[in-house]
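Structure, as structure tokens:
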Amino acid sequence: MTNSNRIKLTWISFFSYALTGALVIVTGMVMGDIANYFQLPVSSMSNTFTFLNAGILISIFLNAWLMEIVPLKTQLRFGFVLMVAAVAGLMVSHSIALFSVSMFVLGLVSGITMSIGTFLITHMYEGRQRGARLLFTDSFFSMAGMIFPMVAAVLLARSIEWYWVYACIGLVYVAIFVLTFGCEFPVLGKKAEQSTQPVAKEKWGIGVLFLSVAALCYILGQLGFISWVPEYAKGLGMSLNDAGKLVSDFWMSYMFGMWAFSFILRFFDLQRILTVLAGLATVLMYLFINGAPEHMAWFILTLGFFSSAIYTSIITLGSLQTKVASPKLVNFVLTCGTIGTMLTFVVTGPIVAHSGPLAALQTANGLYAVVFVMCLILGFVTRHRQHNTVAASH
């Protein structure tokens with residue numbers, strides 16, 4: 001593989017994460033305007049965004065098999081057609097049914113693209129370099145999550161219709177589409193086996209189970225925590241602005257943490273540093289929940305920084321459980337994380353209704369503790385060290 005080809009594939013991975021981040025995080029900014037557009041209450045409007053999450057979940061799950069049947073380049077180019085159709089559907093839709101279908105299609109495109117982006121990084125880079133690259137790729141999710149809400153705010157403040165926000169997000173996919181030209185993609189499935197020596201099928205091992213549970217609990221814990229921080233802070237007497245600032249501080253610190261750890265991770269054993277970070281994050285969340293209100297900003301800043309590398313490290317360790325990075329394995333761990341996203345309000349909603357926001361934060365803290373335990377147990381069964389040694393000797 002030429003260096004210029006590797007750079008193009010890496011940028012496709014970066015943009016794939018940016019696309020998903022933009023679609024998921026911009027939801028809160030546009031929901032009110034969309035509800036007014038369809039003359040519906042915001043509460044019922046929020047349910048239609050489940051179609052976006054469902055599309056992401058289904059496509060990540062199915063793409064583990066699709067990757068071996070449909071070439072990656074074909075998938076990305078067909079995704080461009082679907083993206084244009086979905087944005088056009090949003091622009092002309094005056095029925096909630098067409099809006100829901102368009103959201104589902106956006107989710108499908110986003111999930112397929114992100115699973116391809118994740119696989120490309122795990123395929124092109126080995127060992128510790130893989131973890132660092134995947135972490136830097138994941139930072140584009142947060143970066144898009146910071147940029148596109150600002151774009152949405154500017155457009156909506158000028159009374160420009162909400163669907164132009166999605167047209168702007170579509171420009172990210174235009175960049176992916178352009179990069180597919182003159183770019184060679186890895187060949188998977190039967191065609192790959194004909195051109196190379198047959199690869200013996202590897203068993204995943206019990207470590208993948210621990211990592212999958214960790215991925216689900218981490219995302220469910222993180223989103224369950226950050227979704228209810230504003231309500232919890234307001235309950236302590238904070239203003240709406242101060243409560244919102246806690247959330248923005250968390251994501252800002254999270255992004256800086258990703259950049260820092262993309263360099264730091266190269267010098268440590270991935271399972272050991274993951275266990276330390278999961279333990280630190282659990283303690284910091286406990287201190288945030290039980291500490292004095294004047295210290296909350298510091299605790300959430302440090303929590304954002306030290307928890308930023310956890311999810312990507314889980315995915316990277318998953319990919320290192322086999323000698324050759326398996327798209328099915330990577331997608332399985334990703335799917336478990338996405339299930340955590342889907343369950344966020346299913347799990348925390350009833351808890352808040354019954355016991356208040358504090359109980360939701362304590363539940364999230366318990367889930368982080370489960371992540372720590374899973375990472376600790378993983379140390380006894382992980383295969384990444386023997387595969388790293390093999391990779392280093394080649």
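Backbone N, Cα and C define each Cβ position, glycine as well.
Remember, predicted model here, so these are calculated numbers, not experimental data.
So that you can see what the record holds, here are the features copied from Swiss-Prot:
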type: TRANSMEM; residues: 11-31; note: transmembrane segment
type: TRANSMEM; residues: 51-71; note: transmembrane segment
type: TRANSMEM; residues: 78-98; note: transmembrane segment
type: TRANSMEM; residues: 101-121; note: transmembrane segment
type: TRANSMEM; residues: 134-154; note: transmembrane segment
type: TRANSMEM; residues: 162-182; note: transmembrane segment
type: TRANSMEM; residues: 206-226; note: transmembrane segment
type: TRANSMEM; residues: 250-270; note: transmembrane segment
type: TRANSMEM; residues: 273-293; note: transmembrane segment
type: TRANSMEM; residues: 297-317; note: transmembrane segment
type: TRANSMEM; residues: 332-352; note: transmembrane segment
type: TRANSMEM; residues: 361-381; note: transmembrane segment
Decide whether the stretches the transmembrane segment (206-226) and the transmembrane segment (297-317) have at least 3 CB pairs under 8 angstroms, with pairs required to be 6 or more apart in sequence. yes
Closest-packing stretch to the transmembrane segment (250-270), where packing means Cβ pairs under 8 Å, from 78-98, 134-154, 162-182: 134-154
Thinking of Cβ pairs under 8 Å, which stretch from 51-71, 78-98, 101-121, 273-293 has the most of them with the transmembrane segment (162-182)? 78-98
Closest-packing stretch to the transmembrane segment (332-352), where packing means Cβ pairs under 8 Å, from 51-71, 134-154, 273-293: 51-71
Quick one: do the transmembrane segment (134-154) and the transmembrane segment (11-31) reach 3+ CB pairs under 8 Å, ignoring pairs fewer than 6 apart in sequence? yes
